[in-house]
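Here the structure comes first, spelled out in structure tokens, and everything after it is commentary.
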């Protein structure tokens, strides 16, 4: 068979078939036989869509799950489908919810561990890596201190984040499971909201402590081993939690401070510290010479191998700080490692004292005035004692003109008028009381018995 014979055959096959003609010569369409399918005419019950849908709704309800539909399509049993929905569908859903929750929690915890691990090791990306490392290592001096500080902070923050994510994920999974069990969540959510408000009002101090502790840890305000000032208390941090900070002062007393009560924090341990020393001098000491001597003492301390590791920068003599009536003070400043400023200050004082003494310069002294406060009762007793001593030293006479009378002579202030003393004294013969007026003071002739009246 050639191509020339195939082409006419295809044309004849594809050409429309002429319609049959009737006796009258008019064409009419060929009727198509109708086929009706009844549910009983087939052996497959799924063929009837309407019948299967009605039976499925009766067995599984309008919102049929995949478990019920699968069991019904396999067994064609209403009881098995509904039982599978109760005993298989709901537990499978709960199991899937728990598995998804555990997977999400595991992924988030893994991400948190990686992030905190990078923070603890101090690994940073980009051009700031070298700058940050040099700055922090130069500030803390010992790299082990910086590593330990980062590790503690990263561990605390990581534990907090893992706890928060676990509570959130499992709480959401619990609510989803309750919804699958057919429990109405609206009353539960409303009750939880009311309970949260009540707890917020009743335990607001506790909530404030936890929030303050969380922000303190995230912002790295202080850590274990830092020396901080939190107002009335200063000391070394021994423990930090979300609710409380434990301090130990220089006397060894342990203080427990709630994080919500801390309104300000002065950290003496971060990055670097400074030793500031004021040297008092007399005005007789030349300022330029004193500054040269102080700089020499500071430079010797800086170049000493034992102390050079604690000093971060070249010492500075800032110059005259104060002036008083007794002298002036010169100030020295040295940048040191954190918590080493007190050791450097003690050594610097010794060296400054030695340099000034070798140059014949004495440190200035502060003039002090002592004020004695005497009570009124003490003043009266002192006056009475003074009067007794004065009267005992005066020569008092008895009636015979001899001294040693028992009663002291009265102290008259103001003095008697001249009319009473000109004639010698009226009471000279009394118990020695007139001796001053008769024998001593009066010009009259009385010799102890008193002058004439």
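Heads up, residue numbers simply count up from 1 along the chain you see.
A Cβ is built for glycine as well, from the same backbone N, Cα and C atoms used for every other residue.
Nobody curates TrEMBL annotations by hand; they come from automatic prediction.
In TrEMBL, the annotation transmembrane segment applies to 86-108, one of the ranges 40-62, 63-85, 86-108. Among the ranges 159-179, 222-242, 243-263, the stretch that TrEMBL annotates as transmembrane segment is 159-179. Checking TrEMBL for transmembrane segment across the ranges 116-138, 185-207 points to 185-207. Below 8 angstroms of C-beta separation, residues 94, 97-98, 100-101, 104-105, 108-109, 112, 116, 185, 188, 214, 217, 242 of the same chain, each at least six residues beyond the ends of the transmembrane segment (159-179), sit close to that stretch.
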